[in-house]
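Here Swiss-Prot flags 225-228, 367-374, 411-415 as GTP binding site, drawing on sequence analysis. Taken from Swiss-Prot, the feature compositional bias 'Basic residues' applies to 1-14. What Swiss-Prot records for 15-26 is compositional bias 'Basic and acidic residues'. Annotated compositional bias 'Acidic residues' per Swiss-Prot: 550-584, in sequence order. Taken from Swiss-Prot, the feature domain 'CP-type G' applies to 178-418, supported by sequence analysis. Taken from Swiss-Prot, the feature phosphoserine covers SER32, SER33, SER34, SER51, SER68, SER324, SER561, SER562, SER563. What Swiss-Prot records for THR48, THR50 is phosphothreonine. Feature annotation from Swiss-Prot assigns region 'Disordered' to 1-81, 547-607.
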Amino acid sequence: MPRKKPFSVKQKKKQLQDKRERKRGLQDGLRSSSNSRSGSRERREEQTDTSDGESVTHHIRRLNQQPSQGLGPRGYDPNRYRLHFERDSREEVERRKRAAREQVLQPVSAEVLELDIREVYQPGSVLDFPRRPPWSYEMSKEQLMSQEERSFQEYLGKIHGAYSSEKLSYFEHNLETWRQLWRVLEMSDIVLLITDIRHPVVNFPPALYEYVTGELGLALVLVLNKVDLAPPALVVAWKHYFHQHYPQLHVVLFTSFPRDPRTPQDPSSVLKKSRRRGRGWTRALGPEQLLRACEAITVGKVDLSSWREKIARDVAGATWGNGSGEEEEEDDGPAVLVEQQTDSAMEPTGPTRERYKDGVVTIGCVGFPNVGKSSLINGLVGRKVVSVSRTPGHTRYFQTYFLTPSVKLCDCPGLIFPSLLPRQLQVLAGIYPIAQIQEPYTAVGYLASRIPVQALLHLRHPEAEDPSAEHPWCAWDICEAWAEKRGYKTAKAARNDVYRAANSLLRLAVDGRLSLCFHPPGYSEQKGTWESHPETTELVVLQGRVGPAGDEEEEEEEELSSSCEEEGEEDRDADEEGEGDEDTPTSAPGSSLAGRNPYALLGEDEC
């Protein structure tokens, strides 16, 4: 018997790599040269994410994979509704990396921040959303699902046939998630479309507006959420923009954590988070406006007096809690009934449905990921009933919540509609899970060309010997300078971890601590008019009246917006557990009418 030859761990690792590459039909050694963190993440993702029948001719990348040993006790698959996006090609990723290293960033004008919805979605084009095909009660479940799959494939084929991958944005390729939207629209009497006030055009697909108000004949309420993250003048300008272009809309301003914009704050608070205690959800700005909109829509067909009484109880409870100076327990009022919908509830209903059945109005909450749908429901209920997370795609199936005996809320998972938005903007909008981005550097460059990130964070150019000298910046330089400032180092070689730094900067932008707000067309020319508008003054007063009063604690964040400390680490955006606590980023300071200055962030010695 021949003597056994020594076989090192390095040789074994190389053997396994070659075996995997042969299985994928790739050439031996194609990826052995890439040993960076991003390269290892890409190799791992490509081993787990492959193309399947849900794509036409394009590779699909599945995000938010959950560990599962099969179906749960109720037959629920945790990966059924995960995000499905088209995968960026390796050549495209490498091209963007080179551009991030070489392209010098130039600041853009204020007019570039103005977004026109007609350029984003091109109403009337194939950039639509899939509709449920016609069906009848004579069809079996298998026939119906097969018909829906064929229709969905045709829908994807039309879009990819009309636009190249470079022009298209990320959008949902998972049919199961679109089925959730169909069911929610069929169940609803009123549809809430929740958008982020920093970029509401991104979250407002005109095709959905036409379908809901036209074909379904339902009322659509546009909720401009997170209004505490934008100047009041900009909020009012967006409100009038949507009223002008979509007259059938009911526009409501909302935020779960209102803040008085007249209150000065510490500019160094970007590195701190504000922990809200007790009755934080009961101070939401907007439930009263939403109630008035629903009363105007139902015109007395539903008794909403119980909802008005609940709002009054929440306001009184919040006021009493402020005066006591103690942390309060959860509301002892009527419990909120939560119903998780099963597969049988997902089956289509009849072509005609009784409106306001049994005196109950059903309000469907739809929108893009990470716009705050779950937080809005918590704000309406007055306490935490829905798990929330910074990770887009956190809501995996729709649930119903009885706000009062006559008001039922329906929470739908976030959906990304097809558009022509730059993918970097989608990343900054929180649509794509940051921890799973293959190439985050161009998104950082997109941000830095629109707000002065280098000056705000007091970054020193990595090649600068004289701090006072001017040096051209590229996206890679910004990431390297932030890694040096924060002490982000790779594990073995102790080099600046630019991937982690880019991840950190993107989280600052998504959280609103690096605030990038887009404007409606013509806002730059009429900015003074909007700042002196009566509704702007009214909004400032309203925010000051319902803002938090002494129930916040600030704690410094040790590891700010970091992720991927080791290979194989998954997304660490944990749910905000705890019934009465909520961690939110502390806003930056500002003026009374124009809003806080979103760019006053760090002092030189803060980190």
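Glycine residues also receive a Cβ, built from the backbone N, Cα and C atoms like all the rest.
DSSP classifies GLY414 (GTP binding site) as coil under the three-state reduction. Every protein chain considered, the tally of other Cβ atoms within 10 Å of the Cβ of GLY372 (GTP binding site) stands at 23. Secondary structure at ASN225 (GTP binding site), taken from DSSP and collapsed to helix, strand or coil, is strand. The average pLDDT for the domain 'CP-type G' (178-418) in the predicted structure is 78.
Summary for the binding-site residues PRO369, GLY414: the Cβ-based neighbour count within 10 Å is maximal at GLY414. Reduced to three states, the DSSP call for GLY372 (GTP binding site) is coil.
Residue environment of ASP228 (GTP binding site) contains 24 other Cβ atoms, counted within 10 Å of its Cβ in all protein chains.
Taken through DSSP, the compositional bias 'Basic residues' (1-14) splits into 6 helix, 0 strand, 8 coil. Of all Cβ atoms in the protein chains displayed, 26 besides its own lie within 10 Å of the Cβ of ASP411 (GTP binding site).
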